Amino acid sequence: MRSAQVYRWQIPMDAGVVLRDRRLKTRDGLYVCLREGEREGWGEISPLPGFSQETWEEAQSVLLAWVNNWLAGDCELPQMPSVAFGVSCALAELTDALPQAANYRAAPLCNGDPDDLILKLADMPGEKVAKVKVGLYEAVRDGMVVNLLLEAIPDLHLRLDANRAWTPLKGQQFAKYVNPDYRHRIAFLEEPCKTRDDSRAFARETGIAIAWDESLREPDFAFVAEEGVRAVVIKPTLTGSLDKVREQVKAAHALGLTAVISSSIESSLGLTQLARIAAWLTPDTIPGLDTLDLMQVQQVRRWPGSPLPLVDVDALERLL
């Protein structure tokens, strides 16, 4: 016997969260809980404003229609990426296809003062990996901050993300302020320039490795080995079903590329599932999941070690 619940939720964000020039005051999303006999599976559907093609309202409509079809015996996944991902996670939990083991070692995210990151990394056991958003300020400032971090922590490897913010000139201004002796410790820089060709040229001219992120979701993207390209960053909420995520990881690994499972600012429930996916599909790579601190609460499932208060499912708005 099948049953299902759908919940709608809204989480207040910290004041400083800006996405593509838009301040994100709340994170809005949906949960689906599927039950069959004694088994249960959860999934999160939370399109990311400015990045997802679909809106929260569109996702809700598609999810409710899919749940009604599932209750009637139809299991075909929806095409909408955020819904396909959330639904496939719920189905995978229902059938024990998503392993319980999780990789909760998130690469810490530097959102402001580099001194805060230096202190956080001092206590980090093992491999020291951190992420810095660049492209939000002047490229020269970004270069100086990155150089400072690499100089201060000799065993640090940085992942940088520019979200296609730079022109070729801005990219050169950034690189000018990063000591060439430190550049090999930039694990990769995600999508430095507005076009893929400009990003490839940036990698050639600076010796700084790049990674594809937004490119993976463009219709003309193909997985090929390219000089200067070291990694792909896979955001499942923006990608689609678990099967599609697994296909992309497999394609990247076949080319010798690093595949990084990364957050689209999901709630704690979604983040714990991403940690399980990372342990399953990319066991040797620290995932990019250090986004929970941008929120004011956790929901339904806790992220281990987080001091944020937990909102129980009974406090959420039930739609079905």
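Using the three backbone atoms N, Cα and C, a Cβ is placed for every residue, glycine included.
Counting every protein chain shown, the number of other Cβ atoms lying within 10 Å of the Cβ of Lys133 (active site, proton donor) is 18. Annotation comment: Swiss-Prot describes Lys133 as active site, proton donor.
What Swiss-Prot lists as Mg(2+) binding site is Asp161, Glu190, Asp213, and the listing cites sequence analysis. According to DSSP, Asp213 (Mg(2+) binding site) is assigned to coil rather than to any helix or strand.
Sequence-distant neighbours of Lys235 (active site, proton acceptor) (same chain, 6+ apart, CB under 8 A from its CB) are Phe51, Asp213, Ser262, Ser263, Ser264. What Swiss-Prot lists as active site, proton acceptor is Lys235.
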For the binding-site residues Asp161, Glu190, Asp213, the one whose C-beta sees the most other C-beta atoms within 10 angstroms: Glu190
List the residues in the vicinity of the Mg(2+) site, defined as same-chain residues other than Asp161, Glu190, Asp213 with C-beta within 8 angstroms of the site's C-beta centre. Arg159, Leu160, Ala162, Asn163, Leu189, Glu191, Ala211, Glu214, Val233
To the nearest whole angstrom, what is the C-alpha distance linking Glu190 (Mg(2+) binding site) and Lys133 (active site, proton donor)? 9
To the nearest whole angstrom, state the Cα distance for the pair Asp161 (Mg(2+) binding site) and Lys133 (active site, proton donor). 5
